[in-house]
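S.K.: Take a look at the following structure, please.
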């Protein structure tokens, strides 16, 4: 049902009662999911322009200049609510939707990333959600031939009733091949192509704009779309061929609000209106009414703007791929959105009012009762080795091999660096590669939304830096609870400010994304952790070898870059020892941009064998991860005057470990930023000492701990 306040505004504008179908249009297009009515004022604070930005926010995907005439299409979406109600189909159709956003811009999809957030795997329900969501992503992505090359998986009890499925997609085309969702000319036809239209996904946009009820799995299942990846693959090839032949003037994927949303937004973006004949839509089920035809979110569908003289050729092309195609309307000079069904006009609305008239507001923002519990930090553990192994065996740090082995991450033969390292790398040309990273730090963001949001950018930028890449663009997915609660809106507001400031300091534009609110569970009486997840892309030159994330050469000097601080709030170490709300979140250092630039220069010099970002689990987790094939001797005595657990497990931002056989040259590159030689790659064990501790771990002990998640899932 439409909120009463919205209904009053609509009645005043129309001068009458809206029809049932019109109410459905407003319910979906004015939903939080479609209109960003709560977050729009905040999103405007992002810097979205840059020298490489061709198309920024507002289209199905952003377009970023890459190299040698190539451009990248990039977008990020969530499919959170559907993935709780029906995890396999919810996750699968999340992949399908973002891929269609990419092809609607004229680009071929070449990569996916999947930041995922789950409750702990200690209940049958959470285990079911985890397994089915991974299967859904693998089942859809593998079938359409798009590799999942990077991702993040994070576990916390506050995601138990509301897992998060975020997806980043990247596509590639020539700049002259770009198509937009901006309508071109009145009189052009609207062709609906792809799968037939059923009742699945009906009301999906409005469903995604409210909290999950205890009965959501039964009541909301019809709102979850059902995907067919084999049809999607045909849609990809058909759409790109139609664009190559010059038949498509503008194009939009059918996602939230179905045909109604796509056709109205496409027309409005070009300053035109549209007339839709609902009867003309190819229907999967008998006796569908106008409401269902217009607003169902059946998957694998596109709407094309086609010149009248090209309609027959387009329909023939659609038929060649054994897909459904029909002329369902046309563009009009009059900026109205009208829908006809069985000879009766059931929708007649000013199109700008429908697509852009949702009232936006900056909600009340109040800081919550402080989350930090002073004095609750865990004591220094008596057995540091046991603590070390406990932290690196945490599922948030441990290898995600069980997940990414289910993905075909080498399809299309572009993958240079496979999943499991700091960033994915794809070959675009013989000389240039695309570097990708994604993720978030939810626990830190809960305690300090500003610094948490800022550090999301810094950490992901460092993931690119250790491969020698600087950032080209950022997309985001802002996952939060109910914004009507002042403390939740405060989290959202400050996370956005931190994320925006971090991106500006690194001169990386924020070019698009998604807002997913109302992520709360009636069943568990919880809101998710504030989760401003991002995807970031960069460019790397293949003229010098890319550093590995793992120690590669015995005898290499190990260099710590950046400053290690005592603040441990939001860290994985604190979480492992039941101190979730203790401590202060480390601030991003003012010289973070300079540190990242220095790491990029070092990686590009060709003098690094290995390089690894430090984040969750700190130096301990970083060393353990790098010791995959070789041991190391490390001395932290001179790093700083910190306790043993602070030295080992601090997650202070803007830090990295580098390994090189030419330390003098690398130290010269790092001379203007904090750095220190802390050890050497050697032996078959990891030996770490400080002023008052020594730890020795065999490579087998490290491997067993680091493979904890894979061993648990394979048991």
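Just so you know, the numbers here start at 1 and follow the chain as drawn.
Cβ atoms are placed via backbone N, Cα and C, with glycine included.
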S.K.: Out of 495, 507, 516, which is the one Swiss-Prot records at the substrate site of 78, 79, 80, 81, 100, 225, 297, 298, 299?
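M.R.: According to Swiss-Prot, the candidate sharing the substrate site with 78, 79, 80, 81, 100, 225, 297, 298, 299 is 516.
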S.K.: Using C-alpha atoms only, work out the spacing between residue 299 (substrate binding site) and residue 514 (Mg(2+) 1 binding site) and round it to an integer in Å.
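M.R.: Cα of residue 299 (substrate binding site) to Cα of residue 514 (Mg(2+) 1 binding site) measures 19 Å after rounding.
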S.K.: For residue 299 (substrate binding site), which DSSP three-state class applies?
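M.R.: Where residue 299 (substrate binding site) sits, the three-state DSSP reduction gives coil.
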S.K.: Could you check which of the binding-site residues 101, 513, 514 is the closest Cα neighbour of residue 80 (substrate binding site)?
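M.R.: Its closest listed neighbour, by Cα, is 514.
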S.K.: Are there binding-site residues among 36, 77, 78, 100 that sit within 10 Å of residue 253 (Mg(2+) 2 binding site), Cα to Cα? If so, list them; otherwise say none.
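M.R.: Of 36, 77, 78, 100, within range: 100.
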S.K.: Go through the recorded positions 79, 101, 297, 476, 513, 514 and tell me which ones have a CA within 10 A of the CA of residue 33 (active site).
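M.R.: Those close enough are 514.
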S.K.: Looking at the binding-site residues 36, 100, 297, which ones sit with their CA no more than 10 Å from the CA of residue 77 (Mg(2+) 1 binding site)?
M.R.: none
S.K.: Which three-state DSSP class does residue 101 (Mg(2+) 2 binding site) fall into?
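M.R.: Where residue 101 (Mg(2+) 2 binding site) sits, the three-state DSSP reduction gives helix.
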S.K.: Is any of the binding-site residues 78, 100, 101 within 10 Å of residue 513 (ATP binding site) (Cα-Cα), and if so, which, in sequence order?
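M.R.: Checking Cα-Cα distances against residue 513 (ATP binding site), the binding-site residues within 10 Å turn out to be 78.
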